[in-house]
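Trainee: One structure coming up, written as structure tokens, with questions to follow.
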Amino acid sequence: MKESWSSVDTLETNFRPLVVIELAKGTKEETIEWFTKRIVDKKANGGAQLLIKPLVTENGNENIYLVGASHLRLLLGAENVGLVKECNDNSMRAFTYSSRKTFKDFADDNQNFLTMSECQYIIKHELENLRAKDEKMIPGYPQAKLYPGKSIVRRLLTNGILVQIFPLHDREELKKLRHTWYGQVKIGYQPLDEIRCYFGETIALYFGFLEYFTFALIPMAVIGIPYYVFAWEDYDKYVMFATFNLLWSTVILEVWKRICAVMTYRWGTLLMKRQFEEPRPGFHGVLGINPVTGREEPVYSSIKRQLRIYFVSVPFVCLCLYFSLYVMMIYFDLEQWALDYHEENKSHFSSLMLYVPSIIYAVVIEIMNRIYRYAAEFLTSWENHRLESSYQNHLILKVLVFNFLNCFASLFYIAFVLFDMKLLRQSLATLLITSQILNQFAESLLPYWLQKRHMKKMKERMHSLKMDTDLSLVEQVNSEKEMGTYLGTFDDYLELFLQFGYVSLFSCVYPLAAVFAVLNNITEIYSDALKMCRVYKRPFAEPTANIGVWQLAFETMSVISVVTNCILIGMSPQVNALFPDSKMDLILTVALVEHLLLAIKFVMAFVIPDKPRDIQIKLAKLEFESLEALKQQMFTESYSYLCDDMREQ
């Protein structure tokens, strides 16, 4: 018997809180009543058909509500969002309630068939798709206009009525994860499957990529150590190191695609069908009809958006790039001053002063990167992109262009204008090490220290109240709602992208770059794990099949590294000695070798399949079975119609 939404019981005795909703203090009663009614109302009436209870403390209801769902509701929601689960025959298929018995570990009384993060993702999806029907405004707030199809949750957020929505931690599961993840110092792989079950695929893929990139850096680090120890001033011997760098940067990215495909197939996200993207929260425009869905939603002219991009955003980015180059020239003036000071004094202090300009410049670069990030977010939001994916792509492009120039322009200038390999080595080392120290402090140590202080004060205040209610749940909700919000993997991938640039672009003149990158990433794994488990609220799980546009960003950096390393090889005395009479022959030869290596790189990228053979076979088999099932369904329907016609005759 096929279950329908109308048969879902909204009353459940064993209420399991999964998501917390915090409304602003002083929110009007009619608003609360309307919003909670829409959450519990049936799907047929435009509701989410979820469960909701207020969190009552000794001081009364503080406008905090706990949201859950019945087991049947979650199963139907899993089918609605297209979750993929493992079947009894070890294949991966999209979950359907009608075929639930064919899925591994399914039982009607098994509440753990869906992970807690999957349940929270389903609830988030249903809350975000609560849409206005006949309402013209939010009850109690005439200025907050509504129209059919408008997301209620997004409207509440933009008007400050809804403060935040976040998923609750599972204390026992989090404790187990902390112990296996970073609770013990050991050499081993991260528990990626457990991370995925708790935090979702997007975060698990980041930690998987971080771990893979760290292991991939080890060959570069092992080869770089003897180059540093035995050939520090012998630039000729770096030709072989640069050549190895070219092949390394290509192979690791192609191998990652295969590893990523294996992981996401096992997790089911490789097979998840892309849902039609809803308009992003900040998108605005006049009310119109979407030609695809037929729903009413904001419509904004693409011509206006293009005008904003090309006449405002592009000039602003160019102005920021010019300012970055201006700051770089000030840095070189400081370098010259430090060098003159050292030549005049020849002391230990003057030797240390040689590193001061690079350290100051590294700090300034980090400050400029963070300020520009806020400006880029504001500008991209102002461009008014309809889809979240389009917004992210434009934001990432702006940030990457500026960060690339800001972090690497000085190194290009030193290498290809000043031709000072000693200064290049010194600047690269200082920029790399300083940026790593600043990032570790700003992203992990400082937030952890602040959160630890806040948690201590919170516990003292909570225990002094002597509540008669469920103290542990009240304490958990009140402590978690004060935690910082994890803003996604953007900054984490950006840090790895810049690190990849330092290692691949100029590491032939500073072979220890890979060594410091490995050491940094080992601590990064533990510090990022710590901040995910102890510093930030639990983020909602987000299914994903790959690392997205960052794969293209890393591949672009590897192409640039081919060019820079070929030029560095061509600048070496060893290669110059082969062309004593004609510099033009040298340039043509370097260009020919560079084109040849790029061709080899692209051939390797083409030859190495993105997915392993067994994964390709499984995907093809699943597609074939889906087509056969569709044919069988069409045949059954046709046969049924034919029988009906014969009976009528």
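Using the three backbone atoms N, Cα and C, a Cβ is placed for every residue, glycine included.
Pasting the feature list from TrEMBL:
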type	residues	note
DOMAIN	195-621	domain 'Anoctamin transmembrane'
TRANSMEM	212-232	transmembrane segment
TRANSMEM	238-256	transmembrane segment
TRANSMEM	309-332	transmembrane segment
TRANSMEM	352-372	transmembrane segment
TRANSMEM	395-416	transmembrane segment
TRANSMEM	496-519	transmembrane segment
TRANSMEM	586-608	transmembrane segment
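Describe the structural context of each listed feature in the structure shown, including burial, neighbouring residues and relevant distances.
Mentor: Under 8 Å from some Cβ of the transmembrane segment (238-256) lie the Cβ atoms of residues 209, 212-213, 216, 219-220, 223-224, 227, 231, 500, 504, 507-509, 511, 551, 554-555, 557-558, 561-562, 565-566, 568-569, 572, 574-575, 597, 601, 604-605, 608, 610, all in the same chain and six or more residues away from its ends.
Below 8 angstroms of C-beta separation, residues 209-210, 213-214, 217-218, 220-221, 223-225, 227-228, 235, 238-239, 241-242, 245, 248-249, 400, 403-404, 407-408, 411, 415, 421, 424-425, 428-429, 431-433, 435-436, 550, 553-554, 557-558, 560-561, 564-565, 568-569 of the same chain, each at least six residues beyond the ends of the transmembrane segment (496-519), sit close to that stretch.
When Cβ-Cβ distances below 8 Å are used as the criterion, the transmembrane segment (586-608) is approached by residues 246, 250-251, 254-255, 257-258, 555, 558-559, 562-563, 566-567, 569-570, 575-576, 578-579 of the same chain, each at least six residues removed from its ends.
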Trainee: Determine which residues of the chain contact the transmembrane segment (309-332) at the Cβ level, with the cut-off under 8 Å and only residues 6 or more beyond its ends counted.
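Mentor: The answer is 357-358, 360-361, 364, 368, 372, 375, 379-380, 382-383, 394, 398, 401-402, 405-406, 409-410, 413.
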